[in-house]
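**Q** Would you mind keeping the following structure in view while I ask a few things?
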Amino acid sequence: MGVFNYESETTSVIPAARLFKAFILEGDTLIPKVAPQAISSVENIEGNGGPGTIKKITFPEGSPFKYVKERVDEVDHANFKYSYSMIEGGALGDTLEKICNEIKIVATPDGGSILKISNKYHTKGDHEMKAEHMKAIKEKGEALLRAVESYLLAHSDAYN
């Protein structure tokens, strides 16, 4: 088994606390609403949203995968940090055992925020992750962020 790391940063004009609340804490309901072409639904299979919770993310018809299951590893409200692992489903395929993800949202002096994202791809056997594949996954995540950001800009009273 190999572990391949991919780290990235992206900026947002949304303040860190508001973005954490909307994108992370309430994302299970907000993201399917603002990006139904990407995610149909999110449901808790077990747990209450905290560490140990298992979530099932269902993708719309026509997507390359039907669903994935994720386990919440950490929710740090004080430091706007969220960690989770993708543990089952089509996105893992025959080559990945799991993907561990960490998102930390940091406030910027201008009132916006920086999302610091770390992904660890745990492969099966001697399979290697290609940089372009990891970059494509990052771009899909960034598209979800932009959908949430657009919603928040259009609804200034939401998720405050």
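Glycine residues also receive a Cβ, built from the backbone N, Cα and C atoms like all the rest.
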**Q** In Swiss-Prot, the residues Tyr82, Tyr84, Asn101 are said to bind brassinolide. Which of Lys55, Lys56, Lys130 is said to bind at that same site?
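**A** Candidate listed by Swiss-Prot for the same site: Lys55.
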**Q** Setting Lys55, Tyr82, Tyr84, Asn101 aside, what same-chain residues sit with their Cβ within 8 Å of the center of the Cβ atoms that define the brassinolide site, listed in sequence order?
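**A** Neighbours found: Glu70, Arg71, Val72, Asp73, Ser83, Ser85, Ile103.
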**Q** Have a look around Asn101 (brassinolide binding site) and count the other CB atoms within 10 A of its CB, chains all included.
**A** 20
